[in-house]
């Protein structure tokens, strides 16, 4: 990423010939993946050749001459690094060099299809299970998990989510969870959750005898809030997961927990995702709250991402709110756990007002009840507090989501900021025009 030079001229569109040398691992399709990056970013290749690497016998080195501008080079460089080892970049004088204040900024997706590069970096579980996992000794369950993992790993942006023929055992497990949780929702869940759950039953097949299909749920959410579902094999890193939220994409597991203990899972399964998260992702205010946490994480330091992820944990996963003078639950981890849902509103749980500066320092517990739960006055209250907290994130740029192109606008110079202001000015003109029309016809 390139900043303006001292003359305040924008050279990002000036073109030049650049030679890149990168090494490929000896794997099927490695070169195709690398060349696709150039194609998708509209970079013209002038010459390409390959040779056996002199550094390692198992790798090949690729020489590429291309006609490229500085902005394109900034876009493809981190993408290449995710698939290859970039050994050399020869940038001639005619491609203007400018001070790069963003060299140390961690890579983040700029367009929604970039999520293909990070959605498969599963940290935990997936097709592999720990020895203490309920399904570790069940070979049939392990094969089933491998099947779901392969589906998620092969998924690319734009693909329809594969429809699943769930087994009788999986449907029974889902049914037990669905039935028991629905006994608690009327007295424990927030009103927004209760408003959306019947719609999911009507349009997505939320029933005791049916596990909803992620494709149906994704289409429903797109119409409600612009969110979509992307299948994932298991736990992602906080950075990769939050990056998806910035694009209103929710990474969602498709497997069902082991049937030996329907009321417990050491990991997020599709029961947790569908019953815990989805009803509130259909709520506009909550959807915006989730996206803003994701946007704040883009390009942030590891320390900041961890703080944002912890705030997400104590709101989106385990958050409480006040409604009609009573505590109600909006956290997905609670809304998908019978025992902890009861505990959180039992009067015995420790609760504190939600403050991001406090919540981000609280330890997140995975296999036991939380030591403390944080209470927000409303989604809007939580959103405003997170906005103030996001202002403390140290980045040499701002970001803005463009819903038309499903891409991130990086606001880092006068040109990009002016462009964003012009878009806002147009939106304000539309609103002002509407106000003027309404004032002329007050009965409308």
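Cβ atoms here come from the backbone N, Cα and C positions, even for glycine.
According to Swiss-Prot, the features are:
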BINDING   235, 257, 265, 336, 366  L-tryptophan binding site
BINDING   272, 277, 317  Fe cation binding site
DOMAIN    19-94  domain 'ACT'
MOD_RES   58  phosphoserine
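Annotated features taken from Swiss-Prot, shown on the structure.
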{"residue": "235", "record": "L-tryptophan binding site", "DSSP (3 states)": "strand"}
{"residue": "257", "record": "L-tryptophan binding site", "DSSP (3 states)": "coil"}
{"residue": "265", "record": "L-tryptophan binding site", "DSSP (3 states)": "coil"}
{"residue": "272", "record": "Fe cation binding site", "DSSP (3 states)": "helix"}
{"residue": "277", "record": "Fe cation binding site", "DSSP (3 states)": "helix"}
{"residue": "317", "record": "Fe cation binding site", "DSSP (3 states)": "helix"}
{"residue": "336", "record": "L-tryptophan binding site", "DSSP (3 states)": "coil"}
{"residue": "366", "record": "L-tryptophan binding site", "DSSP (3 states)": "coil"}
For the domain 'ACT' (19-94), the mean pLDDT of the predicted model: 76
List of residues, in chain order, with Cβ under 8 A from that of residue 272 (Fe cation binding site) and at least 6 apart: 253, 265, 332, 333, 336
Distance, residue 257 (L-tryptophan binding site) to residue 317 (Fe cation binding site) (CA atoms, angstrom): 18
Other C-beta atoms that fall within 10 angstroms of the C-beta of residue 366 (L-tryptophan binding site): 9
Distance [Cα-Cα, Å, rounded] between residue 257 (L-tryptophan binding site) and residue 277 (Fe cation binding site): 16
C-beta crowding around residue 257 (L-tryptophan binding site), within 10 angstroms: 26
Cβ within 8 Å of the mean position of the Cβ atoms of 235, 257, 265, 336, 366: remaining residues of the chain near L-tryptophan: 266, 267, 268, 269, 272
Cβ neighbour count (within 10 Å, all chains shown) around residue 317 (Fe cation binding site): 21
Environment of 272, 277, 317, the listed Fe cation site - residues of the same chain whose CB lies within 8 A of the CB centroid: 268, 273, 276, 316, 331, 332, 333, 335, 336
Intrachain C-beta neighbours of residue 277 (Fe cation binding site), sequence separation six or more, cut-off 8 angstroms: 250, 252, 316, 332
